[in-house]
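K.L.:
Would you mind keeping the following structure in view while I ask a few things?
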Amino acid sequence: MLFSLFNLSANPLFNLLFILIYLMVVVVSLTVHEWAHAWVALKRGDPTAKLDGRLTLNPLAHLDPLGTVSLLIFGFGWGKPVPVNEYNLTRPKSDGALVSLAGPVSNFLFAFLLALLVRLLPLGSVLGGLFYSFFLILIQVNLALAIFNLLPLYPLDGFRVVLGFLPYSLASQWSQMARFGPYLALFLAFTGILGRIISVPIAWLVSIFLH
């Protein structure tokens with residue numbers, strides 16, 4: 001995604017401004033995602049993330065260097081994992097799934113609220129057009145974060161969501177699949193399949209949100 005920003009204009013200052021905006025967008029989106037994990041964990045009985053300083057909207061508490069760079073360059077990434085002690089949760093198995101689901105859901109909700117705001121922008125003005133571009137990127141990045149993290153591949157949120165809702169007899173078998181997750185994710189990323197998996201629903205959701 002970042003590479004495409006360099007081709008937006010022949011004006012290098014405009015490109016630099018757009019890249020800076022994109023950096024801000026990535027930081028905000030990852031922060032919202034990880035904060036949501038920490039908030040739901042606390043609500044379901046586990047204060048571990050709060051005690052670790054993760055129940056904050058300070059981006060420095062949530063950014064993972066590799067995940068941030070991946071989101072900047074490839075359009076999908078992750079933040080620093082939020083520590084969760086499932087034994088503190090009211091219902092460890094199902095609440096663990098809810099904690100995992102909280103991150104992607106927060107990004108979907110954020111994207112939807114931003115889309116509502118975009119509808120109010122005066123697009124006929126230069127300033128309105130600039131804000132529209134900013135919010136559009138913010139919407140796309142949040143949708144990318146949500147969809148990517150919902151993939152049922154360890155260590156993504158989707159893997160733990162599936163684990164939490166499976167019966168115990170199947171959950172143990174599903175857990176054994178965790179070791180294959182990182183390799184499959186890398187394969188999908190480097191073959192370009194992952195980008196196509198994510199881009200199609202993003203385009204579909206953007207068209208629904210903004211039209």
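Even glycines carry a Cβ here, placed using N, Cα and C.
Residues or ranges marked as domain 'Peptidase M50' in TrEMBL: 131-167. Per TrEMBL, transmembrane segment is recorded for 12-36, 57-78, 98-118, 130-148, 183-210.
Describe the structural context of each listed feature in the structure shown, including burial, neighbouring residues and relevant distances.
P.N.:
Sequence-distant neighbours of the domain 'Peptidase M50' (131-167) (same chain, 6+ residues past either end, Cβ-Cβ under 8 Å): 1, 18, 21-22, 25-26, 28-30, 32-33, 71, 75-78, 81, 93-101, 103-105, 107-108, 110-111, 114-115, 117-118, 121, 123, 174-175, 177-182, 184-185, 194, 197-198, 201-202, 205-206, 209-210.
Counting only same-chain residues 6+ beyond the ends of the transmembrane segment (12-36), those with a CB under 8 A from a CB of the stretch are 1-2, 5-6, 54-59, 61-64, 67-68, 71-72, 77-80, 82, 102-107, 110, 133-134, 137-138, 141-142, 145, 149.
Here the transmembrane segment (98-118) has long-range neighbours at 29, 32-37, 39-41, 44, 46, 82, 84, 89, 132, 135-136, 138-139, 142-143, 145-147, 149-150, 157-158, 160-161, 164, 205, 209-210, meaning same-chain residues at least 6 beyond its ends whose C-beta is under 8 angstroms from one of its own.
Counting only same-chain residues 6+ beyond the ends of the transmembrane segment (183-210), those with a CB under 8 A from a CB of the stretch are 74-76, 111-112, 115, 118-119, 136, 139-140, 143-144, 147-148, 151, 153, 156.
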K.L.:
With DSSP, how much of the domain 'Peptidase M50' (131-167) is helix, how much strand and how much coil, in residues?
P.N.:
28 helix, 0 strand, 9 coil
